[in-house]
Amino acid sequence: MNASTASAPAPARASSAVVLANLGTPDSPTPPAVRRYLGEFLGDPRVVDLPRLFWLPLLHGVVLPLRAPKVAPKYASVWMEGGSPLAVYTRGLADAVAERMPGVRVVDAMRYGNPSLAAVLQDLRASGFEDILLVPLYPQYSTTTTASMQDVVDRVGGTGIRVVQDYHDDPAWVEAVAATIRARHREHGPAHLLFSFHGLPQKVVDNGDPYQRQCEASAAAIAAAAGLEPGQWDVSYQSRFGKAKWLEPSTSGTLQRLADQGVREVDVIAPGFASDCLETLEEISMELAEEFAARGGKLRYIPCLNDSPGHADVIAALARRHLDRD
Ligand SMILES: C=CC1=C(C)c2cc3[nH]c(cc4nc(cc5[nH]c(cc1n2)c(C)c5CCC(=O)O)C(CCC(=O)O)=C4C)c(C)c3C=C
Ligand SMILES: [Fe+2]
Ligand SMILES: [Fe+2]
């Protein structure tokens, strides 16, 4: 404990700040904005680790011109009054966490796009915050996501900035997600549960990324807390990008298998996402739900924790615990 801690009336250190950082999202659902965002995202060597001289011309010359006009209408289909769902919920969560942490500055940031993580960290430094806790809103650690946030911290000069690595087995987070499953069961009765996580190239996991192991551990802990028996749930991976082999089984393939086995009702939950986004609202709740309906089934999506009070309690407690650690 230092003098400023001892004299502070309420919490931790007077100059503490918490940054809740998410992946990022386009500023508008238009091809140029999607192109800018995807250019920054897919140009990150943590995300696509192909040789730069090969990948950057391919990305800017072929991938972005084809993908941006295809993806922009998908963004438009989920766009909210306040903007992209990922941005709206991340902002809402930061506000709700701020209410729970008097005396600590709590702000939101994005790894790609706005508000830019690098700019947010530099602003906090310039405003005199010496003790900054960065909470990547990724429950499971991956080199493609969490480590890329660390890269930004290293670039701005990491002194006084700590980074939460993961919270995939945090009991309060597990319980908060399980509570959403129990609430769904009370409303609609039990159904088979599919845990759908964002996928990764298989090669990333083969090179030692702990992501898949943490996804499996999260799913098992949440299923146990929700009172599910083995056989009542599965784990799968969605959002494949590119031609390489990605983690299996895929969400789409698993839903097809379940339909073939005569399963008619499936709840899908996505506890790799802190907030709903294109990948949950469009890919799961629209695309995959339609595919499953075409096979005679009913898919119900269980929303992310988003900016709910329960989520804010979990993240505030997590941040408090890390700030109090010396
Ligand atoms: C090689 C490509 C990709 C890797 C690796 C990857 C990992 C990864 N992504 C998330 C979380 C999200 N991804 C989102 C969108 C998205 N992801 C990729 C590609 C890779 N992701 C693309 C190209 C896109 C954009 C949409 C598209 O063009 O299909 C989102 C949603 C963003 C939004 O604006 O709503 C999230 C969230 C994780 C957690 C992860 C690794 C574990
Ligand atoms: Fe992604
Ligand atoms: Fe997708």
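Cβ from N, Cα, C; glycine included.
On its own chain, Glu279 (Fe(2+) binding site) has His198, Gln238, Ser239, Ala270, Phe273 as residues at least 6 apart in sequence with a Cβ closer than 8 Å to its own Cβ. Residues annotated as Fe(2+) binding site in TrEMBL: His198, Glu279.
DSSP assigns Glu279 (Fe(2+) binding site) to a helix in the three-state reduction.
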